[in-house]
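Worksheet: the structure to be examined is printed underneath.
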Amino acid sequence: MGDVDSDAQLQKINNDPKKFKISVVLILIEHFGIISLVVSLFIAFAFGPSYNIILGIVWCISRIGEALIQIYDKNNYWGLLNLAKQYSDTNGAEKDVLIDLGRKILKAKESRFGSAQILFSIGTLAYSILFVTHGVVPAFFGWFGIVASLLYGFGNGIFLIKPNVKILWNLGGLLILIFEIVLGGWLLWYSVIIP
């Protein structure tokens with residue numbers, strides 16, 4: 001992982017702790033939303049004809065695992081708020097100790113995020129394969145999701161080994177974003193025009 005500037009992060013958090021708290025709460029809401037969405041979709045698809053239960057289980061475990069890792073990590077990340085408060089009141093050697101503690105928290109966050117994103121990629125690949133093989137959505141969406149999740153997963157793996165090489169991960173991330181927006185839009189549109 002790349003070197004993180006915990007000094008700057010602690011200053012930023014200390015300058016606007018409310019913004020930090022709000023961002024962590026919003027991220028937690030997002031991850032709990034992921035869990036509820038995965039469970040809801042699994043239940044909806046599980047009773048469909050010729051549903052591949054193995055892919056469904058891989059999808060659920062991967063996406064729920066991703067969300068749980070992220071939720072667990074936010075507990076540690078919240079510790080930066082306390083460090084930032086202490087950081088503003090100290091100087092010298094004590095400040096250096098706090099900077100080192102902040103760096104450890106940020107590096108752990110970065111590492112956990114990378115692991116969670118591998119699970120995200122596996123989960124996205126699993127439900128994209130379901131889309132291609134079961135015709136739930138147009139096959140193009142499924143194939144696009146397969147390509148995006150493979151690029152994202154391999155890019156993340158390369159980034160975990162070589163932190164300076166982000167191009168494939170960034171490209172995969174952009175494709176995943178497009179995939180999820182288009183898929184979400186199509187599902188919303190489809191649910192409106194066909195009751």
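The count begins at 1 with the first shown residue.
From the backbone N, Cα and C atoms, a Cβ is placed for every residue, glycine too.
Caution: TrEMBL annotation is automatic and unverified by curators.
As written in TrEMBL, here are the features:
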TRANSMEM  22-47  transmembrane segment
TRANSMEM  53-72  transmembrane segment
TRANSMEM  113-134  transmembrane segment
TRANSMEM  140-161  transmembrane segment
TRANSMEM  168-189  transmembrane segment
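For the transmembrane segment (53-72), the neighbouring stretch richest in Cβ pairs under 8 Å, chosen from 22-47, 113-134, 168-189, is 113-134. Beyond its flanks by at least six residues, the transmembrane segment (168-189) meets 121, 124, 128, 137-138, 141, 144-145, 147-156, 158-159 of its own chain at Cβ-Cβ distances under 8 Å.
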